[in-house]
Amino acid sequence: MKSAEIREAFLRFFEEQGHTRVASSSLIPNNDPTLLFTNAGMNQFKDCFLGAEKRAYTRAVSSQKCVRAGGKHNDLENVGYTARHHTFFEMLGNFSFGDYFKRDAITFAWTFLTSEQWLNLPKEKLWVTVYATDDEAYDIWTKEVGVPAERMVRIGDNKGAPYASDNFWTMGDTGPCGPCTEIFYDHGPDIWGGPPGSPEEDGDRYIEIWNNVFMQFNRTADGVLHPLPAPSVDTGMGLERVSAVLQHVHSNYEIDLFQNLLAAAAKAIGCSNDGQASLKVVADHIRSCGFLIADGVLPSNEGRGYVLRRIIRRACRHGNKLGAKGSFFYQIVAALAAEMGEAFPELKSQQAHIERVLKAEEEQFAKTLEQGLRILEQDLAQLKGDVVPGDVVFKLYDTYGFPMDLTADIARERELTIDEAGFEREMDAQRERARSASAFGMDYNSLVKVDSATEFLGYDATEAQGKIIALYKDGQAVDQLGEGEQGVVVLDRTPFYAESGGQVGDTGFLQAGAARFDVRDTTKTGGAFLHHGVVASGALVIGSPVEAKVDADVQHATSLNHSATHLLHEALRQVLGEHVQQKGSLVDSQRLRFDFSHFEALKPEQIKQLEDIVNREVRKNTAVETELTDIETAKAKGAMALFGEKYGDTVRVLSMGGDFSVELCGGIHAKRTGDISLFKIISEGGVASGVRRIEAVTGAAALAYLNAAEEQVKEAAQLVKGNRDNLIDKLSAVLERNRQLEKQLEQLQAKAASAAGDDLSNAAVEVKGAKVLAARLDGQDGKALLALVDQLKNKLGHAVILLGSEHEGKVVLVAGVTKDLSSQLKAGDLMKQAAAAVGGKGGGRPDMAQGGGVDVAALDQALALAVPFAEQGL
C-alpha cells in the first residue's frame, strides 16, 4: 500500500466505527502558548480532554501534520542520520472524549492492523506493552484479543519516579494522566535489537507503530491519582513508520513518499540518489519548511521563524555539501505539492509563495555560506582537541548566520563536538550589551485585580447610565478619588470600548453629579472594563451613579480606520496571495497601522492596486453586518480567524461587501463601507524579517493628506517657475542642468587634482628605496582622492601613498600601494591604522583602500603614520 492509501484507509476505518473525520489543525497551535509547534494529534483536542470544550462529537479521527524541531521536542540533529527521525511527520490518531475506553480502543487498533480487509499485518510480528499495573489492558490483550503472553511486556516506572514510565502518560505534574499500551512491529532477526523492556530495546528490530493512551486519572499536587468521571482515549500512529512496515522496508526514507522527494532533491542538486545522509536531510526538510510556510511562518531571527530559518539553512548546507550550485531547495516544492497536495491542499494553493520564500532565504544565506565554511575550516585546522570553542560557534552565528545546530552538524561529521555552554555565554553577553540601561517606572495598572464584570453597551450607544463598582489609585483599591487624582474607575455597565484587537480604547468622560472624571483610555482585565483618567472636578465614590459619555467623534474616526483594516486585509490577500496573515495592528482616530506576513517590499503598482480595491468597496457603500455564532459555523462561512487568538464558544462575525471580507472581530466599526469616504496608503515598509507594515488614513484625515500633497505640488511648481501641468518637464530640465554642472565640476576637479599631483609628487620622501607620500587636501571627496592616488602611483612608480581630506565636517582617507610593493605592504593595513587614529574604520585591497572618521583634529596625526608604516614593512 502507498502512504496515501494507508492514510485514507485509517480515516475511513474509524469513520465506519462512528468517528468524525477532523481536518489537521495548523502547525501553529492556537490554543496553547506553551507549544512551539503542533507535535501530536491530540494538541487540537486538548481542551476537549480537559473538559473545557464540548464538541458535537465524542469520537474523532484525524491525520495531523506535526513538526518536532526546536523547543522540548527537537529531532533536528538526528534527521538524516537515522531511519526514523524527522522534522515533519504525520500522526494518525483516533480519539474518544468520554465515550469508549480500553476495550474498544484495543479492539479497533488490532482489527485495523491485522484484519485482511485493512492492513493485514501478520499477528505473530506484533508485540504489545502495557503499564506494569494495568491488569485491565493486559487481560483484554491476552484473554480477548488473544496476544500470547510471550509477546506481552509489562513496563514499570523506568524513569526514576512514580508513574514516570514509557507506558504512563501525563500532561504535566498535575492534571489528566493514565497508562498507555503500545504496539511494536518485529522487523526480524536480520536487524539488531531486542524487544521492548529488554537491554537491547534501543535497537531497530522492534519498532513502535501505535500508542494508545488511556486518560483515566487526574493527578493532584500531592501525587495522588483520582479516577476521572469520564475516561478518554488518545492514540497515535506514525504514518511514515507504518508505511515502512507495509512496504517491507526498514527505513522511513525508503517508503514511496520519500523516494519521490529524494529523486526530486537529487535532480535539483545535480547529484546521484544513492542514500547519502545529506540527501535525506534535504528530502525531510522540504516537508517541514513547505508546511510551516503554508501555515504562515516566515524565516526570521526569533521564535518559530528562527526554527524555520535553521531548518532551511541546514538543508542549504547539506545541498552545498552534495555539490549544489546556486539555489536548489525551492525547486523541490513542486514535488512536495504533487506528493502530498491531495491530502493537504494548502501545499498546492500556496506553492508559488512557498517557492518564493525559500528562494529568497537561500539567496540570502548563499552570500555568507561559502565564506562561513572557509572560516570554520580555518578554525578547525588550528583546533587542539575535539571541542569547537563557543566563541567560534558564536562568531559563525553572529557574523555568517550559521545557527548553532548547523555548526554542530558540521562538527559531528568530523567526530567533534561544540562547546554549547561557551556559545550560550557569548549569547548572554550579547544580550547584556543590547539590553537597555533605562529604568522603567512601575505600571500600577498591571496590579489592578477585579472580580466583578462590566456589561458592554458600546455596539449600540455612546452614552449610558452606570454605577461605580470599584476605584483604584496606583493599583490599589480605594473608596474614593479626589479632584486632581489619577486612577481607574470600574462601572457595572459602560459604552466605552476597551482596547482590544488593535483598536485603541475609547476616551470621553464620566459625570457623577458635580464630579467629572476625564477618561483618557479604556482597557480590560477579565470581564471588567477599566476607565483610566483623572478627576477633573469633585470626587468619585464607590456606589455613585454616573453618566458615561464616549467622545463620539474620536470613536467614529477610529471605527472608520478599523473597518478599513478589514478591507485592506482582504485586498492584500487578493493582490499578494493567500499567504498574507495579520501580524499586528494599531487603529486610532488619526490613522491605521497594519502589519502582515510578506517576504518583500511592495511595488508601487501593488500599492495602487490595494488602494483601488479598498476604495472600490468604499464606493459600493454596502452595509457592515455583524452576527453572533459558534466558531465552527463562522469558519464554515469563511471567516478569518487570527493565529494565536483564543476564541470563546460564541464569536462575532463581521462582514463587509457581502462576502468580500468576513472576519472574527469584536471591535467598533462603521455602519456602511461608504462612511470611510476615502482610503489612502501613506507608507509601506519592513518591521521584521518576513513582516511588512502599511500605514494609511481614511475619511477627513485622507482628504487632509491629499490637500497637503496638493499644496506641496503647488510649492514645487512655483520653485521651478511652472505649474501643475508642466511640473514634470520643468523638474526634468532642472535635474538635467544639474547633471551637466556636476559633470563640469568633476572635470574641473580632475584638472585641479592633476595639477596638485604634479606638485605633490615632489613632496614624497624616500624610505628604503620607495617613495612615501602623505598629504592633506581639504575639500576633496573620496572619489577625487581615489583618482589622485591612482595618478600618483603612476607618477611615483615605487610608492606608498596616504591622502586625507576634511570634507563636509568629516575625515576622508585613501591609501595606495604600487603593485610591486603590495606583497610587503598592504594598503588595507595602513588604512586601518590611519582610520583608527581619526575615530573611524577603513579597509580595502592590498593596493588600494578607503576609510574615514569623525576626529578632524587628528587628521595630521593620522597622515604622519605613513612613513613609520613603510619603514616597518620594508
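Using N, Cα and C of the backbone, Cβ positions are placed for all residues, glycine too.
Under the three-state DSSP scheme, H562 (Zn(2+) binding site) falls in the helix class. Spatially close to H562 (Zn(2+) binding site) yet at least six residues away along the chain are G502, Q503, V587, L592, G667, I668, H669, judged by Cβ distances under 8 angstroms. According to Swiss-Prot, the feature Zn(2+) binding site maps to H562, H566, C665, H669, an assignment based on sequence analysis.
Using the Cβ center of H562, H566, C665, H669 for Zn(2+), the list of other same-chain residues with Cβ within 8 Å runs, in sequence order, Q503, S559, S563, T565, V624, L654, M656, E663, G667, I668. Counting other C-beta atoms within 10 Å of each candidate's C-beta, the binding-site residues H566, H669 are led by H566. Residue density at C665 (Zn(2+) binding site): 25 other Cβ atoms are found within 10 A of its Cβ, drawing on all protein chains shown. In the three-state DSSP classification, C665 (Zn(2+) binding site) falls within coil.
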